[in-house]
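Structure first, commentary second.
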Amino acid sequence: MKLETYGWNNTHQKYLQEYEEKGYMPARVLVEHRGHVSLMTEAGEVTGIIPGKLYYDMSKEALPAVGDWVLVSPIEGEKKGVIHHILPRKSQFIRKMAGNTIEGQVVAANFDYVFIMTALNQNFNIKRLERYLTVAWDSGAEPIIVLSKADLCEDVGDKVAEVKSVALGVKVYAISSIEGIGIEDIEPYCMAGQTAVVLGSSGVGKSTLINTLCGEDILKVNAARADDDRGRHTTTHRQLVCMHHGGMIIDTPGMRELGLWQDGDEHGMQDVFSDIEILAAECRFSDCSHSGEPGCAVMQAIEDGELSVERLDNLRKLEKELAFIEKKKLERLRLEEKRKIKGGYKRRKDR
């Protein structure tokens, strides 16, 4: 199996040269399981074992994720390999782990495009779309909005226009995988050497689209429920598969909770709400909170019908959520530092 088929290129080869003398071989993560991953190597598919020390010493964000390129040492006589190193990621989709845990989780890595899917039915939700766009821009890849089930919608043009009004500079396509509508618009992003990740809530048709792009039923899809025309979600884990045009696509389970997470200087929120940022620069006061101050360009735009109150409210909600997460991250770091200091003091005392 040629790894170029899975996206291996000269940039990856340069990193490999540093480790070739150790006998490591490159592999790409196809599926993530608990405690191990499925890998594609030049020798075929193998099980990738994550050493215990590596697993427990690394943060969740640093562990191998679907789409990662890793270096492994093969185990003789077995279709297994031990993972020693993860190559630098060119892009990564990180979300806050579900629940009260303040930790990031890498859902997918090393992709060129993020297909944000929402169905043109009861699933259609602009605020959720703005949240997904924020995460997509933060990933380092290009977001593409895919509006599925266009054959079931009577006002497709209006819905596309509504999405374009908030998805500034983002390409928007209305499709129907069942009827074959709009699939040709998606195919240019699925060519050899390219990788896309599909995001969206349960029942929007992610698996059906992937099966269409792969030219075969790789992923299981159940029939839609009659009461709300949503497919019963069947994907339970993340996986990378090949499309018949030569590209790769990463499927992800539908997410009930997509918590924001920043891992550096990402500016996804500024990209999504750039229209509000431009307006804010015109406010009379630089610290304007857009809550009734004189000379507020943002509130003036709302009065003039150029900006919706809902869009401003959603920006504030996302900013508040991210600020809370950042505060909790700092608190956790301080606690970890205290534990390290106490641990060092105890070791010195025991000598």
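The backbone N, Cα and C atoms fix where each Cβ goes, glycine too.
According to TrEMBL, the protein carries these features:
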- 90-258: domain 'CP-type G' (DOMAIN)
- 109-256: domain 'EngC GTPase' (DOMAIN)
- S148, K149, A150, D151, G200, S201, S202, G203, V204, G205, K206, S207, T208: GTP binding site (BINDING)
- C283, C288, H290, C296: Zn(2+) binding site (BINDING)
* Asked: At the level of the C-alpha atoms, what whole-angstrom distance separates V204 (GTP binding site) and C296 (Zn(2+) binding site)?
  -> 39
* To do: Specify the count of other C-beta atoms within 10 Å of the C-beta of K206 (GTP binding site).
  => 28
* Looking at GTP and its recorded binding residues S148, K149, A150, D151, G200, S201, S202, G203, V204, G205, K206, S207, T208, figure out the farthest C-alpha pair and report it in angstrom, whole number. => 19
* Residue among binding-site residues S148, S202, T208 with least C-beta crowding, 10 angstrom cut-off -> S202
* Asked: At the level of the C-alpha atoms, what whole-angstrom distance separates G200 (GTP binding site) and H290 (Zn(2+) binding site)?
  -> 32
* How many whole Å apart are the CA atoms of H290 (Zn(2+) binding site) and K206 (GTP binding site)? -> 38
* Please spell out the DSSP helix, strand and coil residue counts for the domain 'EngC GTPase' (109-256). => 44 helix, 38 strand, 66 coil
* What is the total of other Cβ atoms whose distance to the Cβ of G200 (GTP binding site) is within 10 Å? -> 24
